[in-house]
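Positions annotated as domain 'Fido' by TrEMBL: 98-240. Residues or ranges marked as active site by TrEMBL: 178. Residues or ranges marked as ATP binding site by TrEMBL: 182, 183, 184, 185, 186, 187, 188, 189.
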């Protein structure tokens, strides 16, 4: 890819920007009550950390957040704990200009205890491979990385274009530079969160953009993977992601809190109940895919206890078993 990226403010992009600004103004005029906002902001931070890790292949899910041990030596839990620390660091980084110190600090936090390269720019040649193992994109040579990053910093610090456009451009820009041996995606999403926060487009910290990107992972990777200097298409995708997730999150934030009928259950069992309730009927295989980090024996035990307590019913036998909420 040639640098710097170029783009056009198309009618579609201008329309998305208008809708984002309308939503931003509505949030400013009718903010979420402070106590609820503090609680939701923490939940959003945890979600952003979880979904950013899941995009890169982490198998943990929302149930695991309830019992997340920030001192765990398990790699998947360490990945999320590190991201939590990095997202918590962002408010203090909104003062001052974006620089190499910023992204290397974030990278060091993200890969602490995971890689000896934490906080260091890439020194080896690298490529991005597709699912078939073919090199889909050859990244810039290591010696050119500081030069390309300087161009990125200058753009972010000086651009007068709308903040959401700058954010989307910076995201694909840093991914194409691929400045680190590992952790580029996570740092790129942190950079996006930082720019949105600094520019006043983080909606009070209530919008986990990473949740949308994880739910639309294939499209996200496809748009990021296009080897084109013109990144208009990716910016359109990014703005739509921000708009849709903001709509969902702000709507949920304003809904009156409902009593949780499963609050008395262990966290994972409560999550199992919510999944079965939302899907009416589910198979064990379906549940095991949602709880990849949970041993199947443990999941079978959870289901047996829920059946025993009369909360769910089991229908069928062997591999054809289905679970539904008890009438």
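The backbone N, Cα and C atoms fix where each Cβ goes, and this holds for glycine too.
Model, not experiment: these values are computed from the prediction.
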For residue 178 (active site), the one of 184, 185, 186, 188, 189 that lies nearest, given that the binding-site residues are compared by Cα: 184
Residue 187 (ATP binding site): secondary structure state under DSSP, collapsed to three categories: helix
Binding-site residues compared (183, 185, 188) - the one with the fewest other Cβ atoms within 10 Å: 185
Other same-chain residues whose Cβ falls within 8 Å of the Cβ centroid of 182, 183, 184, 185, 186, 187, 188, 189, the recorded ATP site, in sequence order: 56, 107, 110, 175, 180, 190
